[in-house]
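Asks: Let me begin by handing over the structure; questions about it come next.
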Amino acid sequence: MARGGCKSVFLSVFDYKTEKYVIANNKKVGVLFRLFQLGVLVYIIGWVFLIKKGYQEREESIQSSVISKLKGINLINTTQNISRVWGPEDYVIPPQGEGVFFIVTNFIETPNQRLGYCAESTKVVDALCEDDGDCIEEAAVRASHGIMSGRCLNSTGTCEIYGWCPVEANHKSMDATLMGAVNFTVYIKNFIRFPHFNFSKSNVLDTKNETYLKSCFYDKIANPYCPIFRLGDIVAWSGNDFNRMAVKGGSIAIMIEWNCDLDKDICNPEYSFTRLDHSVNSITTGYNFRYAHYYNDEAGQTYRTLYKVCGIRFDIIVNGEAGKFNIIPTVVNIGSGLAVMGAGVFICDLVLLYMMKKSTLYRERKFESVMQYDSPKWNHTNKKNLAREVVLEMN
Amino acid sequence: MARGGCKSVFLSVFDYKTEKYVIANNKKVGVLFRLFQLGVLVYIIGWVFLIKKGYQEREESIQSSVISKLKGINLINTTQNISRVWGPEDYVIPPQGEGVFFIVTNFIETPNQRLGYCAESTKVVDALCEDDGDCIEEAAVRASHGIMSGRCLNSTGTCEIYGWCPVEANHKSMDATLMGAVNFTVYIKNFIRFPHFNFSKSNVLDTKNETYLKSCFYDKIANPYCPIFRLGDIVAWSGNDFNRMAVKGGSIAIMIEWNCDLDKDICNPEYSFTRLDHSVNSITTGYNFRYAHYYNDEAGQTYRTLYKVCGIRFDIIVNGEAGKFNIIPTVVNIGSGLAVMGAGVFICDLVLLYMMKKSTLYRERKFESVMQYDSPKWNHTNKKNLAREVVLEMN
Amino acid sequence: MARGGCKSVFLSVFDYKTEKYVIANNKKVGVLFRLFQLGVLVYIIGWVFLIKKGYQEREESIQSSVISKLKGINLINTTQNISRVWGPEDYVIPPQGEGVFFIVTNFIETPNQRLGYCAESTKVVDALCEDDGDCIEEAAVRASHGIMSGRCLNSTGTCEIYGWCPVEANHKSMDATLMGAVNFTVYIKNFIRFPHFNFSKSNVLDTKNETYLKSCFYDKIANPYCPIFRLGDIVAWSGNDFNRMAVKGGSIAIMIEWNCDLDKDICNPEYSFTRLDHSVNSITTGYNFRYAHYYNDEAGQTYRTLYKVCGIRFDIIVNGEAGKFNIIPTVVNIGSGLAVMGAGVFICDLVLLYMMKKSTLYRERKFESVMQYDSPKWNHTNKKNLAREVVLEMN
């Protein structure tokens with residue numbers, strides 16, 4: 001007995017062992033099982049591999065560098081009624097052309113501000129006063145332009161402040177000053193790299209000749225790979241009206257999506273445009289900030305010109321994903337699919353063993369007891385049958 | 001025989017085949033197996049699905065756009081004892097309000113610098129000299145302010161240089177000049193988008209009314225979704241003292257984390273604050289840089305005012321993760337779990353077949369040899385038993 | 001019968017059930033199967049776990065903050081033959097030291113521009129004219145410097161424009177003016193954080209003492225962790241010649257890769273350098289932009305100095321990946337591997353059952369019919385054999 005035991009252990013290494021199956025002549029469960037298998041196969045091959053490219057390792061961490069360059073000039077009229085020519089050096093902030101750039105489309109200029117005492121703007125609610133008591137000395141109320149002197153000026157009904165005077169004029173110029181900006185062009189260079197796959201590419205295709213780059217304009221259908229955009233188009237594509245947007249300013253995203261299949265060596269940029277600051281409450285819309293140019297007069301006294309610039313800010317947001325064949329995800333998807341198929345067996349067994357008539361019979365044949373003598377099943381059926389057959393044989 | 005063979009092949013397509021099991025009346029292994037199964041089930045359902053949301057596809061590549069706007073003014077005293085009012089246009093660099101902005105909290109002003117010859121600062125170690133021999137002409141030593149003329153000035157004990165004179169005063173002003181910055185407020189607009197799920201959101205909740213946005217201040221408990229922050233608070237939350245930090249400057253990260261469950265449609269920002277430049281060696285702490293304002297005098301000669309500004313730089317770092325139900329990870333997790341369950345069978349079999357008394361018996365019934373005539377097992381046990389039974393029957 | 005059925009169901013919970021195997025004494029298939037198993041094991045343990053660290057959860061979304069600081073001065077000669085000293089405050093744009101910075105290496109200065117009428121540059125092709133008819137009034141042609149007045153100037157053969165006069169001189173200065181930039185140094189501070197693992201680190205190692213940081217220069221072999229770089233080295237490492245690049249400018253990426261194994265607590269930065277704007281067509285190479293300094297004369301009239309600056313833009317691109325042990329990927333990899341192993345059984349079975357002689361025999365023993373009376377196989381073989389044996393026994 002032990003010998004046989006050892007032997008079987010020994011053999012088991014070289015011999016091929018295969019599960020013993022019981023054939024249940026049961027079409028219902030059989031078809032059910034086949035359907036289940038079919039479903040899993042269709043899912044794995046069709047959905048996971050063909051559609052979702054489950055055989056690829058995907059990388060989402062993209063390295064990106066963006067350079068933008070604007071072109072276009074415009075004639076504007078300053079408050080001193082001097083018609084001035086504005087070029088990129090004036091309306092592009094910051095000038096060096098990064099991934100986020102700002103175009104001045106409208107501005108309020110407050111020239112020749114000097115340090116001194118003057119009345120606070122009536123726009124500053126906390127600075128409205130009836131008598132000096134309302135103006136706390138040395139205080140700086142929210143959004144104020146200076147430090148309160150403590151006096152209340154009846155002329156304007158606001159506190160007197162020490163600061164850069166006169167304070168900024170709060171007239172809303174309803175027509176954007178830099179209307180011409182609609183025709184300005186921006187040339188966007190985007191260089192990307194997928195560190196994993198060590199794959200890098202630029203959105204400026206090398207195949208294009210210089211003249212093409214000098215003359216083309218991006219268009220989703222006609223020129224999908226031309227990196228030069230008209231500002232007017234960008235705003236329009238984002239679903240906004242340039243002229244209306246130019247007044248209060250706003251923020252627009254130029255999204256560049258790289259969807260790369262490195263197996264097929266397909267990797268091209270796709271541009272889309274959305275407005276970022278659009279929302280229900282108007283307080284969050286618009287985009288403006290202030291900066292000042294400082295000058296010294298002959299006496300060496302500093303005076304400045306304050307600019308409150310409204311404009312459109314463009315965020316060039318780059319993201320992408322690259323996929324390349326890799327054995328690990330492939331095995332994971334196949335393996336887990338097969339395992340789920342196994343689950344199908346379990347379910348079908350339940351149906352077979354407990355929901356069919358003749359379930360008992362199936363159970364008896366599927367499950368075989370090791371202890372044959374004290375097993376009722378054995379005596380009950382098998383032995384009898386065998387005996388009967390034998391007797392038949394003998395006669 | 002062949003006929004039967006073909007038939008079985010043919011049938012096998014329609015019939016349901018189920019593994020034949022041997023029931024080992026062995027409670028020990030049985031319990032062991034059940035426990036293993038239970039463990040795997042708890043792991044899959046409890047850990048993978050309920051806690052880790054294993055049924056979701058996760059996206060970490062987030063598109064983000066940040067706009068920041070500062071408010072607040074402060075009265076400062078320049079070296080020429082002129083009390084000057086500084087507004088955002090002066091202390092925010094760059095002024096346009098990007099994701100990284102810098103607040104001047106302390107600065108050293110060197111007015112009226114003109115090109116010429118003067119003594120190098122004593123701070124520049126390589127420029128200290130005893131005689132002209134120590135000063136190489138035309139050379140520019142590390143961290144120097146100009147080009148050496150080759151002369152050594154006894155007055156200061158440093159080389160003479162050609163550059164903007166006088167050189168920057170190296171007095172450390174120990175009290176931050178722009179103390180009021182502690183009360184400045186910053187309004188942060190953050191727009192995010194998950195390109196995969198094409199889901200976008202802003203940190204400025206639309207439900208809030210304008211007055212709320214005009215008046216609220218962010219607070220982790222009271223106002224977790226108010227996008228307006230007091231600089232003092234930010235620094236405090238990052239575990240630092242504003243006044244001490246304001247002197248040498250520093251760098252603080254405002255981290256916005258979006259943790260979105262798009263199945264439940266939960267997606268809110270969470271703010272946290274850390275200091276970036278804090279480390280053991282003091283050389284890496286602090287943050288400062290220089291810039292100059294250029295002026296022309298009547299004679300058209302250029303002179304400048306040099307500013308060495310120390311301040312706090314705020315990095316708004318956005319990251320996030322979104323999860324949404326997806327069939328593939330679900331199947332992968334279920335499948336692999338089931339497969340591991342299969343491994344349990346293997347282990348339990350080992351225990352049953354080689355670590356139990358009566359192992360031999362189990363082995364005999366589990367493994368059945370195809371070659372029945374030369375199989376010892378078959379003759380040994382089965383045949384005898386059968387015969388015996390038959391005989392019993394017959395009598 | 002039903003009793004037995006119930007009983008078996010009842011028992012099945014406590015009893016351990018194990019598949020019944022048929023031992024096929026077939027070395028060929030046995031070896032095939034063992035080889036397959038071996039292959040899968042080697043793949044899982046060797047490739048997935050040891051090499052690909054399949055037991056780790058990987059995070060690619062890295063939070064990064066970069067501070068850069070430049071040092072170095074240079075003597076340059078302006079068009080007015082004034083030798084001027086340029087420091088970081090002049091040649092670094094923007095001055096505050098962000099992740100993207102620009103070094104002026106060459107520039108064209110157009111001083112004392114005033115608003116007025118003058119001839120357009122001959123470089124503007126659309127502004128070349130023979131008579132006034134070629135110059136449309138009020139028009140602004142592509143890349144022009146102003147608004148056309150409508151007159152054609154014979155002197156230059158270009159249209160007259162209203163703008164900042166004189167227009168920019170288009171002389172290409174063939175030797176870079178800021179040659180000394182090759183010796184400038186940049187100190188890069190990079191702070192990173194992996195939000196998932198809440199692990200953060202800086203590229204400035206705390207172990208280094210101050211003097212080291214003051215004196216060291218980065219070198220791939222000698223000083224791989226020194227955060228101070230010579231611009232000349234960076235350009236050289238990117239495979240370019242500084243002097244040639246300095247003339248037209250260019251764009252270089254300083255890539256910092258963090259590859260962290262948080263199990264082993266290994267996490268160090270690795271620097272690499274590539275040129276971004278290099279491509280086939282020269283139009284995309286080079287990097288320049290314009291900015292202006294504005295001045296007011298005694299009369300309060302504004303005049304400006306226009307700078308067209310060429311230079312090298314450095315993009316500090318940070319990316320990284322961290323891995324840490326996690327149970328889920330481990331189980332997924334093991335599980336799917338095991339499942340694939342199961343697929344091996346399927347294949348070997350096919351071989352065994354349909355490609356071997358004696359396949360029929362194997363099939364008969366592997367598949368056992370439930371319906372014994374109407375099953376031909378049963379009567380055919382088993383019964384006969386049994387009967388024969390019994391008879392033999394009895395005699």
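Any Cβ shown, glycine's included, is placed from N, Cα and C.
Not my notes, these are from TrEMBL:
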BINDING   C:Lys69, C:Leu70, C:Lys71, C:Thr185, C:Asn288, C:Phe289, C:Arg290, C:Lys308  ATP binding site
DISULFID  C:Cys118-C:Cys165  disulfide bond
DISULFID  C:Cys129-C:Cys152  disulfide bond
DISULFID  C:Cys135-C:Cys159  disulfide bond
DISULFID  C:Cys216-C:Cys226  disulfide bond
DISULFID  C:Cys260-C:Cys267  disulfide bond
CARBOHYD  C:Asn183  N-linked glycosylation site
TRANSMEM  C:31-50  transmembrane segment
TRANSMEM  C:334-356  transmembrane segment
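For the listed features, I'd like the structural context: burial, neighbours, distances.
Replies: Residues near C:Asn288 (ATP binding site) in space but far in sequence (CB under 8 A, at least 6 apart, same chain), listed by position: C:Lys248, C:Gly249, C:Lys308, C:Val309, C:Cys310, C:Gly311.
Here the Cβ of C:Cys165 (disulfide bond) has 19 other Cβ atoms within 10 Å, regardless of which shown protein chain they belong to.
C:Cys129 (disulfide bond) is surrounded by 20 other CB atoms, counting those within 10 A of its CB over all protein chains shown.
When secondary structure is read from DSSP and collapsed to three states, C:Cys135 (disulfide bond) falls in the coil class. Long-range C-beta contacts of C:Cys135 (disulfide bond), restricted to its own chain and to partners at least six residues apart, with a cutoff below 8 Å, comprise C:Ala127, C:Cys129, C:Met148, C:Ser149, C:Gly150, C:Arg151, C:Cys152, C:Cys159, C:Glu160.
For the recorded site, C:Cys216 (disulfide bond), the DSSP three-state label reads coil. Cβ neighbour count for C:Cys216 (disulfide bond) (all protein chains, 10 Å cutoff from its Cβ): 15.
Reduced to three states, the DSSP call for C:Cys267 (disulfide bond) is coil.
Within the same chain, the residues at least 6 positions away from C:Asn183 (N-linked glycosylation site) whose Cβ sits under 8 Å from its Cβ are C:Gly72, C:Arg230, C:Leu231, C:Gly232, listed in sequence order.
Packing against the transmembrane segment (C:31-50) from elsewhere in the chain are residues 333-334, 337, 340-341, 344-345, 347-348, 351: each is 6 or more residues past its ends and has a CB under 8 Å from a CB in it.
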Asks: C:Cys226, C:Cys260: which of these disulfide-bonded residues has the highest Cβ count within 10 Å of its own Cβ?
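Replies: Ranked by Cβ atoms within 10 Å, first place goes to C:Cys260.
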Asks: Whole-number Å distance between the CA of C:Thr185 (ATP binding site) and the CA of C:Cys216 (disulfide bond)?
Replies: 11
Asks: How far apart, in angstrom, are the most distant Cα atoms among the ATP-binding residues C:Lys69, C:Leu70, C:Lys71, C:Thr185, C:Asn288, C:Phe289, C:Arg290, C:Lys308?
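Replies: If we measure all Cα pairs in C:Lys69, C:Leu70, C:Lys71, C:Thr185, C:Asn288, C:Phe289, C:Arg290, C:Lys308, the largest is 24 Å.
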Asks: Could you check the recorded positions C:Leu70, C:Cys159, C:Cys267 and say which one's CB has the most other CB atoms within 10 Å?
Replies: C:Cys159
Asks: Which of the binding-site residues C:Lys69, C:Leu70, C:Lys71, C:Phe289, C:Arg290 has its Cα nearest to the Cα of C:Cys118 (disulfide bond)?
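Replies: Comparing Cα positions, the closest of these binding-site residues turns out to be C:Arg290.
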Asks: Quick test of understanding: given the recorded positions C:Thr185, C:Cys226, C:Phe289, C:Arg290, name the ones whose C-beta is under 8 angstroms from chain A.
Replies: C:Phe289, C:Arg290
Asks: Of these recorded positions, C:Lys69, C:Cys152, C:Cys159, which are close to chain B by the rule of a Cβ under 8 Å away?
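Replies: Checking chain B against the recorded positions, the residues within range (Cβ-Cβ under 8 Å) are C:Lys69.
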Asks: Any same-chain residues 6+ apart from C:Arg290 (ATP binding site) with CB under 8 Å of its CB? Would you list them in sequence order, or say none?
Replies: C:Leu306, C:Tyr307, C:Lys308, C:Val309
Asks: In the three-state scheme derived from DSSP, which category covers C:Cys159 (disulfide bond)?
Replies: strand
Asks: Select the closest residue to C:Cys267 (disulfide bond) from the following binding-site residues, measuring between CA atoms: C:Lys69, C:Leu70, C:Lys71, C:Phe289.
Replies: C:Lys69
